[in-house]
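The following features are taken from Swiss-Prot:
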type	residues	note
BINDING	27, 30, 33, 37	[4Fe-4S] cluster 1 binding site
BINDING	75, 78, 81, 85	[4Fe-4S] cluster 2 binding site
DOMAIN	18-47	domain '4Fe-4S ferredoxin-type 1'
DOMAIN	66-95	domain '4Fe-4S ferredoxin-type 2'
């Protein structure tokens, strides 16, 4: 398999690491990763006390909020989300082609 690579402005080989998962058990819902990502990959979602996703409206019982991946196809592999995350919630991997 071939791995997608690129070059930095300085000419060094760079392998983008694309977002795979967010550990929602570790996520504190601070939103730092959301602010760091300019590609609309992430969304902050509300969880009820049973750990189920619910609408973020006044009538719903919200236990906490966590980050979720809504558009993984928009990820450019920069890992800005992981660098901004204080709880190390992100898993990334290179893109491999057959």
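From the backbone N, Cα and C atoms, a Cβ is placed for every residue, glycine too.
The [4Fe-4S] cluster 1 site is defined by 27, 30, 33, 37, and by the 8 Å test on Cβ atoms against their centroid, the other residues of the chain that qualify are 22, 29, 31, 32, 34, 35, 36, 42, 44, 67, 81, 84, 85, 89. Sequence-distant contacts (6 or more apart, same chain, Cβ under 8 Å) of residue 85 ([4Fe-4S] cluster 2 binding site) comprise 32, 33. Counting same-chain residues at least six beyond the ends of the domain '4Fe-4S ferredoxin-type 1' (18-47), those with a Cβ under 8 angstroms from any Cβ of the stretch are 53-56, 60, 62-72, 74-77, 80-95. Within 8 Å of the centroid defined by the CB atoms of 75, 78, 81, 85, the record's [4Fe-4S] cluster 2 site, lie the Cβ atoms of 19, 33, 36, 37, 41, 42, 79, 80, 82, 83, 84, 90, 92, excluding the listed residues themselves. Mean per-residue pLDDT, taken over the domain '4Fe-4S ferredoxin-type 1' (18-47), amounts to 97. The DSSP breakdown of the domain '4Fe-4S ferredoxin-type 2' (66-95), given as helix, strand and coil counts, is 8 helix, 8 strand, 14 coil. Here the binding-site residues are 30, 75, 78, 81, and the one whose Cβ sees the fewest other Cβ atoms within 10 Å is 30.
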